[in-house]
Amino acid sequence: MSVDTYAPSSALSFLDMDDNELLPGADTQPTQYDYRDFTMPSTSQSQTQNDQLEIAQRCSAGDSHPRLASITNDLADLQFEEEDDEPGSSYVKELPPHACKYCGIHDPATVVMCNNCRKWFCNGRGSTSGSHIINHLVRAKHREVTLHGEGPLGETILECYSCGVRNVFVLGFIPAKADSVVVLLCRQPCAAQNSLKDMNWDQEQWKPLIADRCFLAWLVKQPSEQGQLRARQISAAQINKLEELWKENIEATFQDLEKPGIDSEPAHVLLRYEDGYQYEKTFGPLVRLEAEYDQKLKESATQENIEVRWDVGLNKKTIAYFTLAKTDSDMKLMHGDELRLHYVGELYNPWSEIGHVIKVPDNFGDDVGLELKSSTNAPVKCTSNFTVDFIWKCTSFDRMTRALCKFAIDRNSVSNFIYSRLLGHGRADSNDEVLFRGPQPKLFSAPHLPDLNRSQVYAVKHALQRPLSLIQGPPGTGKTVTSATIVYQLVKLHGGTVLVCAPSNTAVDQLTEKIHRTNLKVVRVCAKSREAIDSPVSFLALHNQIRNMETNSELKKLQQLKDETGELSSADEKRYRNLKRAAENQLLEAADVICCTCVGAGDGRLSRVKFTSILIDESMQSTEPECMVPVVLGAKQLILVGDHCQLGPVVMCKKAARAGLSQSLFERLVVLGIRPFRLEVQYRMHPELSQFPSNFFYEGSLQNGVCAEDRRLKLDFPWPQPERPMFFLVTQGQEEIAGSGTSFLNRTEAANVEKITTRFLKAGIKPEQIGIITPYEGQRAYLVQYMQYQGSLHSRLYQEIEIASVDAFQGREKDIIIMSCVRSNERQGIGFLNDPRRLNVALTRAKFGIIIVGNPKVLAKQQLWNHLLNFYKDRKVLVEGSLNNLKESLIHFQKPKKLVNSMNIGAHFMSTIIADAKEVMVPGSIYDRSGGYGQGRQMVGQSMNGGQYGGSGGGPYGNSPLGYGTPSSNSMVGFGLGNGGNGAAGGNNNFGGAGPSWAAAHLHHDSIGYISNEHGAAALGNMPVPVGMFMNMSNIPPRFYNQHQQAIMAVKQNRAIQQQTGNFSPGNSGPGVTGVGVGRSATPGGNKKTNKLGKSRVTGGGTGGAPLTQGSSVCNAAPYSQHPMPLSLQMTQPSGFALSQQPELSQDFGQISQMDGLLSQDVAFNASGERSLNQFSQPY
């Protein structure tokens, strides 16, 4: 749209209601604004000293300047404060009522009133990312505004010209083609109607009233730069606190923020806990915070003026269908939720009844189905004047609270081993690990399930032998099959009942179906509110199995009578409940496996069942208190399955999330050093699609169980590179704030997504094969409407396509995935597109092909996306243009920054709440770092004691973490990393002189800083395994890996050099070393003893080595000062180590792991102490 389209304000004409009957209720807003001026004043707050000096010079020279004149003219507006007055009192009192509640600016042309709370806010940014009025509307979830009466447009309520909607986030303006008229219309449906063309309005020119999180300048002016400098300075954090205050006290002011206790935060979660009491005291308040937030959310969601459609279900129960208004609440309606329906009209007596939701809005309709518990006196003849209340149920929170208390006070709630490990008291080197001694199955697969691959067999074997185990299942690696096999083997080996849990009903149902295939006796326990909801495993549900029991005829008769009449007499009801309870106990005690949600495990019906083992699937999506509900049921064996490189739990309360409630138990145990067994063969994605996620998030360890031919669709679609079914379509559309005010949409991207989808449908792809992913709810809702109304094919086809958020697609897969990125702006950033876990999930949902639609110029500013975009560009699949004429984009990106962690690049971006957790220091315990440590002390302690020593700290390998002494100001000693045991002691450093200053900063094992770089120098903690580090499977032939041959050759050459030269330490070392090596590559330094496994143990005067235990698998490391060391022999975080240095790396006990070397890229330390990477020609 040209800026010259409009005439000056004097030439504007306006529609008159009496003269214009094109649209009923039409109205326009008069304006005095010159529409040729589309410039926006600067929002910078800073004024340099040079500007101030220039003004001073002009004042002394008598130079008159318009800017200077404006400053002097505005001096009268300045508020000065007498010393005797109360601070800030005179300023507040003298402000007019229409002053901005944030900053105090009160120019009528720059302020807007919120119609919901009647407060005024300005259109200036201050120090925030958006204007103050937009900040308020978003945070308070208000939507309507009125302009000031003394402003250019007068006192005007902003509303749609056609339908009268007043939500400013959906309003925009359209210029008429013939007349200089500005018409306000909502985005959908009014601006999208074809009838606009008949009104001489150009609907293609529709623009939102809000751009860059400010109202357009011609609508509401922005305060001058001087005005913003003189105004009260308020930060985004203060705005948040003020908005929270207003929810409790509408009259609260800025001064109330200074009161004590306003910004109190709950105690942060810890990494380790002293005992169960401290554990409960930490998580209990967080659970209560989340419960209070959830209660407020639901109780404030009452909706009025509801129209109802009545129906009767197959079970003869009354069902009310109605449509809820599109709210901006964070609450999502789910099956089984309880609502209360009120009749408040005059045609019938007042009535209310509770029901549970049996239908939720979807692509086919917005109706909500509510099955009433009782239809007595229901006003079925009335269809209007109804109100809906959301009923808050505290069941889940109560169960979490009880589980935390039980964990603290009941010794029988968990075994001693699991109790100590959950508190973080276990040793990081696993030397105190308990193994179950007993027969192992000869065949690890389960009947009627696919045969397991090698990594799956190792995971099953590992889980069966240990009381606590973690299994990491990357996308498409058969996590559910592996879990079902573990459950089958547990039942066959140990007997008893196994409890299987997951955070969501969908995940539980999927796992239940797989376990049922193995012919085990499975019972699915679900909440009573969900008993009427159908699912693929409904026949296994406890209530349905009771109905089908042939043994109890009396119960069957009473059940039939209750179904027919709806209720029983009090005597019959009591008898019915007793018989049903007895039948439930009988079924549960006879079951091999009981499946339920994590919270469902707190059901009283399960309290009497003795569980031998517990398996929690998708444990990464559960909060820690949620996981504790099944854990405290007394089992001796716990298996957690998940993937902490994917999305974690959802916590609604931001305070609780900041305090660490959003951290899962799985992730904390990983940080504590319990290494997960990773499944490593993916069967979902085309090999080209798996390459980036594998190398970026999983250290290149994912193998392809399918070949390209298995994942090739035979259809007519213009892939830029036919052998690579993927591309990134460059789209330059601008983002807009969605109707909620808290989300975003991009109309240009939506149009491109529709064209791509239509092309696939015309090529023969079925709608259910396509999935459309977008990170933003606003874009999801817009896409649903856009494709149904604007799509060129029948709307029914588009309705059958699943359009969902990234979070909703976790655990799902589709043949074709189309992703809309949405974000496209100059200054606001890319929001949670920056989350590496969210990107990982989005990239790993597709089986046959993926298409990403977005603005690469904006996305490439973020390092994570820069890697992905360069990956696509290198493969010539970064394209632009129409589908029929796709051409390689000429956009050039900044070269990706070289990451220290080139082996596990994704972990560079992974951040966790635990990164800031402080470990509890129990006086006198094995974690107490306040005292010195003896030579033989087996501890997880620091090894940075200063002075001249050699690996003599209290570490997990006898004396020093990882078998080496951390260098201090005068010691660069024992840098053996536990591989071959170069634990040289004392004296000068390895270079024969004073230790370099960078050594302490780069080479010590900083257990907290490895997650968050800014904390790198702050902590000397005891987290032996970084979040991104996991077990690799041993003895898998190199041919299975899609690694560059250059990498393999480099490792082979490196090993040959090591074997020829051996390990040595130049300079004056200590009196001897104690080390662990393999064969003759062990470091000399004392008497050599060779055990039966062919490993050698060297003993001598040194103190930095690690005793070799059977089952350990150690690679020999070359001295860093002589030869490049494989990166996997160092920590794959900014400072650290590789897993192969730990005992138990080899899961095939007694054999040597080769995988670290095969997957590594060579790295060496340069003269300045930084890692220098010898990158290969194709790093991906």
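Each Cβ is built from the backbone N, Cα and C atoms, and glycine gets one as well.
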Of the candidates Gln456, Gln663, Gln703, the one that Swiss-Prot places in the ATP site of Gly473, Pro474, Pro475, Gly476, Thr477, Gly478, Lys479, Thr480, Gln646, Tyr683, Glu813: Gln456
Swiss-Prot annotation of region 'Disordered' - which of the ranges 21-51, 424-454, 920-950 it falls on: 21-51
Listed binding-site residues (Cys103, Cys117), ranked by Cβ neighbours within 10 Å, top entry: Cys103
Per-state residue totals over the region 'CC/SHH/C' (114-142) - DSSP helix, strand, coil: 9 helix, 4 strand, 16 coil
Non-site residues, in chain order, whose CB comes within 8 A of the mean position of the CB atoms of Cys160, Cys163, Cys186, Cys190 at Zn(2+) 3: Tyr161, Ser162, Gly164, Val165, Val170, Leu171, Leu185, Pro189, Ala191
Mean per-residue pLDDT computed across the region 'CC/SHH/C' (114-142): 91
Cα-nearest neighbour of His142 (Zn(2+) 2 binding site) within the listed binding-site residues, Cys103, Cys186, Gly478, Thr480, Tyr683: Cys186
Output field, Zn(2+) 1 shell: CB within 8 Å of site CB centroid, site Cys100, Cys103, Cys122, His132 dropped: Ala99, Lys101, Tyr102, Gly104, Ile105, Thr110, Val111, Phe121, Asn123, Gly124, Gly126, Ser131, Ile133, Pro223, Ala231
Minimum Cα separation from Tyr683 (ATP binding site), reported as the residue among binding-site residues Cys100, Cys122, Cys160 that achieves it: Cys160
His136 (Zn(2+) 2 binding site) CB neighbourhood, other CB atoms within 10 A: 27
Additional residues around Zn(2+) 2, ordered along the sequence, whose Cβ is within 8 Å of the centroid of Cys114, Cys117, His136, His142: Asn115, Asn116, Lys119, Phe121, Leu137, Ala140
Pairwise CA distance, Cys103 (Zn(2+) 1 binding site) versus Cys163 (Zn(2+) 3 binding site), rounded so that it is a whole Å: 35
